[in-house]
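Participant: First the structure, then my questions, so here it is.
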């Protein structure tokens, strides 16, 4: 039997300020650790107005001329009235392109812009009328960090600290939900998705060829252009969530679905954890296993647990690649008879209160508002421990050694919490889908149907199918990302993986570890080309997590 390692040995300074997840495991009831701020996800019975910054809210032209004269006085200024292109570099000679492009990198350039006349008063009036006003801006790709920081500083200075949470930085504005986008860029509606908002062109000389039906040239005319009253008229619900049908027409019940391939002993403990769910409320749940051509005795597992659980085993025909996870998830969900899906992996032991907590959480929310939920992971080794012991007593989980797992980049705590700023970023809407892994993401079946399920193009390679799915569930399905406390799950390390106890010495295996070598993973390339800004954001996250991760 594996040794019983302490759950939080001394000397782990990087996580010392964080209560060990293992101790939180005993907590009954749940807490909402992070819930998406609805304004970032098109919520509420009101208009959502998205407002661009450069040459819309801010006077980019004046700042550019001022900086160009200071840094490259030999370059002749092109007057704003003579501008023909949104990309200012195209209005200058090719020989001057480098100097023109460098202007955006001048320290203080974005922070020092003046507000366009009437813009600040207009935004405050929109907010006072009850509208959701979000500032949606694209950071300069050549000076992303500096540009982003200065844009936040500008907003604080001109609108107040409380407006920081209303800022969304993205180079693809089609991924942001809203009723209107006020923007000077004539092609801002080109992106990964079909924009839900109507483009209101903020008038500039270079965009007058575009006829959108709505054009704003004077901020004091915003009500007239948008076609709304000064006071908010709530008689019409413009939020698609509020017109959505009941997500749980048959009550809140759960279908726990996971794909499986071998690891017989691990799968049995996953099922034992489901048997041990503490259920106090009036709900039902089922379990669906989709077998990807296992060579061990999956039939024996089914026979053992079919009398203990409402259990379905789906055995797939011969697969060309047994690592076909998205298609397996879709196949299992198609079989699901209940309205809320608990997406799992075959190596996850749910908290004994997980389903009860999910029921209590969903019961406290409107039944037409979709929530996508995850929880913290505790990494353990269960090799040498039997499922029979777990069937007898759930506290058997307290004996499992806590480990440094390759699946967690060898961090002592779930890296989304210790390094990933999950709680802050979900609240603020910064790449929130990046935190929702297939191993334990819960969501309404109706929204899975709405977006067309998991994208099966990711079959055959490791990872990122779950991130793509969470992204679509958020931006297409309208799900509000949420993290529940008191609902932590155990992630079982694969047997024979030479696991490392907390405080041990790690051999990361270099680029032969597929979790460290992203550049050779086609799914990494695919997700980066799909979600605008994800590559830069996640690459920065990986470098903070482990400097030897290869992403380029």
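Placement of Cβ uses the backbone N, Cα and C atoms for every residue, glycine included.
Just so you know, TrEMBL annotations never went through curation; they're auto-generated.
Note that the structure is predicted; figures quoted are calculated from it, not measured.
Per TrEMBL, the features are:
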type	residues	note
ACT_SITE	52	active site, nucleophile
ACT_SITE	54	active site, proton donor
DOMAIN	255-379	domain 'Glycosyltransferase 2-like'
Participant: Of these active-site residues, 52, 54, which scores lowest on Cβ atoms within 10 Å?
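Facilitator: Each of the active-site residues 52, 54 was scored by Cβ atoms within 10 Å; lowest is 52.
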Participant: Counting by DSSP secondary structure, give me helix, strand and coil numbers for the domain 'Glycosyltransferase 2-like' (255-379).
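Facilitator: Summed over the domain 'Glycosyltransferase 2-like' (255-379), the classes give 41 helix, 34 strand, 50 coil.
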Participant: Summarise the model confidence on the domain 'Glycosyltransferase 2-like' (255-379) as a single mean pLDDT, whole number.
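Facilitator: That region's mean pLDDT is 94.
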